[in-house]
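Novice: Let me begin by handing over the structure; questions about it come next.
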């Protein structure tokens with residue numbers, strides 16, 4: 001057995017992938033002269049270790065008369081209603097986010113009324129941001145057009161349809177603009193996975209799907225024409241703390257430096273042993289193509305010794321765009337895992353011509369996979385990611401660089417931060433009874449459970465300090 005380097009946490013987006021923060025004015029109308037959307041803003045950030053944010057919106061030009069440039073940011077719900085692509089109705093809009101469902105009414109003027117509270121919102125992004133912040137207070141933007149569904153279909157599709165219908169009347173520069181919102185691809189993937197959870201798909205069933213990339217995802221930018229030597233642009237890794245907020249200028253393929261557990265004064269949460277056969281097959285697979293490769297890792301998790309043993313690699317022998325072949329390969333791998341008595345313990349992929357460091361997109365995916373493998377139980381189930389860089393010019397020699405990484409859960413998962421701003425948050429200063437507030441009750445209840453080696457006053461001071469910071 002060959003043990004890899006100690007695992008390193010990497011910056012990531014937690015539960016959310018990069019997304020767009022759209023700020024649409026209620027009065028926008030592409031048929032009005034000189035109407036246009038505002039410029040971009042940065043999206044949400046995350047923790048200094050692993051948080052990761054969303055992207056900001058793109059600037060948009062005006063779209064007035066016949067010579068005006070048509071842009072996707074000029075499309076609003078009111079425009080889609082006016083052109084009969086949408087119809088107003090009760091409960092026709094929905095958001096699924098981290099196991100929560102929100103329903104909204106589409107009003108004739110293009111506004112959204114949230115059924116639960118009766119609040120109205122001027123745009124999908126405003127509603128999505130509000131709802132997502134209730135579930136995850138650290139959320140900075142809502143990616144409304146990718147998050148909100150109209151009668152089961154994402155609003156992005158209706159926006160794209162509207163743009164296609166109007167491209168015949170626009171200049172070539174406008175026709176070249178992508179109808180899909182930039183930076184939303186990861187958000188779309190994440191929301192599809194959330195829907196699988198809502199539909200009752202178990203972690204075991206989900207293991208049949210590739211952990212690396214969606215089969216329909218286009219080839220990685222590193223893919224090149226066969227027979228040509230690669231002179232790809234060097235992707236310079238950045239430290240997570242230097243990222244700041246993630247806007248549209250931040251490429252999801254931006255590489256992020258990993259940090260050792262020792263550097264952040266934390267113990268490695270589990271030990272890892274990897275079979276040399278796994279490293280051999282991963283290295284071999286990565287050398288065969290100039291494009292990224294993806295595969296599964298099978299092994300066992302020993303709860304008592306906190307040891308994750310990776311015993312076999314299962315390459316996905318399909319192209320990223322070949323969904324039909326991918327489904328058959330996934331089923332074959334699933335059966336192989338089952339027959340060998342192995343569990344799905346992780347995934348691997350390659351960066352052919354870049355350092356063996358995770359990208360923002362990789363980090364987003366890894367965090368989601370960690371949560372998915374853990375499932376609904378409280379038991380800890382690790383998920384390991386391996387990265388191979390076979391042709392990176394910065395490698396010390398001909399030998400490929402193989403690196404493991406694991407994403408440290410972001411601090412917004414702390415309990416106080418998690419519930420902060422939620423509608424069902426207990427207001428500790430309010431009276432619980434005639435004699436006590438909710439805070440008094442909490443102190444009395446915790447007093448009987450204070451650790452023996454710590455003083456009661458010290459523990460309660462710490463608890464109260466945390467509560468004050470979260471209020």
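Note that Cβ sites are derived from N, Cα and C of the backbone, with glycine treated the same way.
Below are the features listed in Swiss-Prot for this protein:
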type: REGION; residues: 1-63; note: region 'Disordered'
type: COMPBIAS; residues: 1-10; note: compositional bias 'Low complexity'
type: MOD_RES; residues: 2; note: N-acetylalanine
type: MOD_RES; residues: 8; note: phosphoserine
type: COMPBIAS; residues: 16-29; note: compositional bias 'Acidic residues'
type: COMPBIAS; residues: 36-63; note: compositional bias 'Gly residues'
type: DOMAIN; residues: 71-166; note: domain 'RAMA'
type: BINDING; residues: 123, 125, 145; note: DNA binding site
type: REGION; residues: 170-229; note: region 'Disordered'
type: MOD_RES; residues: 178; note: phosphoserine
type: MOD_RES; residues: 181; note: phosphoserine
type: COMPBIAS; residues: 182-197; note: compositional bias 'Acidic residues'
type: BINDING; residues: 349, 351, 362; note: Zn(2+) binding site
type: MOTIF; residues: 349-362; note: motif 'JAMM motif'
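I'd like to know what surrounds each of these features in this structure.
Specialist: Confidence in the domain 'RAMA' (71-166), given as mean pLDDT, stands at 83.
Around the Cβ of residue 145 (DNA binding site), a 10 Å sphere holds 28 further Cβ atoms from the protein chains shown.
Residues near residue 362 (Zn(2+) binding site) in space but far in sequence (CB under 8 A, at least 6 apart, same chain), listed by position: 349, 385, 387.
For the motif 'JAMM motif' (349-362), the number of residues in each DSSP class (helix H, G, I; strand E, B; coil) is 3 helix, 3 strand, 8 coil.
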Novice: Measuring Cα to Cα, tell me the gap between residue 125 (DNA binding site) and residue 351 (Zn(2+) binding site) in whole angstrom.
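Specialist: It is 34 Å, counting Cα to Cα.
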Novice: In whole Å, note down how far the CA of residue 145 (DNA binding site) lies from the CA of residue 351 (Zn(2+) binding site).
Specialist: 31
Novice: DSSP-wise, what's the residue breakdown of the domain 'RAMA' (71-166) into helix, strand and coil?
Specialist: 37 helix, 26 strand, 33 coil
Novice: Counting across all protein chains present, how many other Cβ atoms fall within 10 Å of the Cβ of residue 125 (DNA binding site)?
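Specialist: Excluding its own Cβ, residue 125 (DNA binding site) sees 24 Cβ atoms within 10 Å.
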